[in-house]
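Below is one structure; the comments refer to it alone.
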Amino acid sequence: MSARRARLGVLVSGGGSNLQALLDAAGQADYPAEVACVLSNVPTAFALERARKAGVRAEVVDHKGFGSKADFEAAVLGVLADAGVEWVCLAGFMRLVSADFLKRFPGRVLNIHPSLLPAFPGLHAQKQALERGVKVAGCTVHYVDAGTDTGPIIAQAAVPVLPEDDEASLSARILAEEHRLYPLAVRLAVTGAVTLDGGRTKVDARVTGDGMALRSPGAPK
Ligand code: GAR
């Protein structure tokens with residue numbers, strides 16, 4: 001008999017390529033999580049199509065239809081509860097979640113952000129990185145806390161910033177790593193291979209292997 005899989009609720013606002021990475025991972029028999037529900041605050045989000053195509057429940061809760069954030073979040077929480085969601089994955093969800101929301105899923109809300117946090121939180125992270133002139137950029141999966149992109153870091157991936165990069169090319173390079181990193185981080189979280197330790201996390205090294213250094217520019221050939 002196959003092991004029980006954690007039930008994910010994926011919150012989206014846009015294209016949903018990270019959602020797709022999670023759907024693809026969940027399509028593998030040995031992946032320890034399934035996508036129980038996809039919820040978008042944007043009715044036209046392409047992510048909803050991806051969910052439907054994968055046969056996953058797709059719901060719209062448009063924040064514009066609510067008089068307060070509390071009412072919006074109550075509606076979101078209602079959908080997640082109805083779908084039996086145990087873990088919440090923010091995947092390009094462009095709304096901040098409140099402390100009250102987080103209380104409903106303690107230590108079970110994850111986010112992916114397109115920078116090496118704590119650098120460049122908030123909007124337009126890739127543009128911020130280019131403007132600051134960093135030579136290495138990347139992405140981070142972290143537990144969500146009440147701040148903006150401040151929660152304990154689970155996993156990161158780095159990519160070089162090339163001299164000819166613009167926001168689109170750097171975003172695409174980072175996004176390719178996001179698609180690799182988010183399914184990995186979810187696997188670590190739902191299997192208990194990563195645990196919260198105050199403001200940091202402990203990751204079971206047996207799962208991740210030993211460390212590597214990433215350097216930009218790379219060593220000459
Ligand atoms: C991703 O790059 C994700 O990291 C970013 O939005 C994009 C969504 O793409 N999220 C944030 O900036 C959140 N602060 P997707 O809809 O194709 O997954």
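Yeah, the Cβs are placed from backbone N, Cα and C, and that goes for glycine too.
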Going by TrEMBL, M94, R95, L96, V97, N111 bind (6R)-10-formyltetrahydrofolate; tell me which of K53, K69, K135 is listed for that site too. K69
Can you tell me the CA-to-CA distance separating K69 ((6R)-10-formyltetrahydrofolate binding site) and N18 (N(1)-(5-phospho-beta-D-ribosyl)glycinamide binding site), as a whole number of Å? 25
Taking the Cβ of N18 (N(1)-(5-phospho-beta-D-ribosyl)glycinamide binding site) as the reference point, list residues of the same chain whose Cβ is under 8 angstroms away and which are at least six residues distant in sequence. A91, G92, I112, E178, H179, Y182
Residue among binding-site residues S17, N111 with least C-beta crowding, 10 angstrom cut-off: S17
If I take every residue in the domain 'Formyl transferase N-terminal' (7-186) and average their pLDDT values, what number comes out? 97
Record-annotated (6R)-10-formyltetrahydrofolate contacts K69, M94, R95, L96, V97, N111; largest Cα to Cα distance in whole Å is 19
Could you find out if DSSP has L96 ((6R)-10-formyltetrahydrofolate binding site) as helix, strand or coil? coil
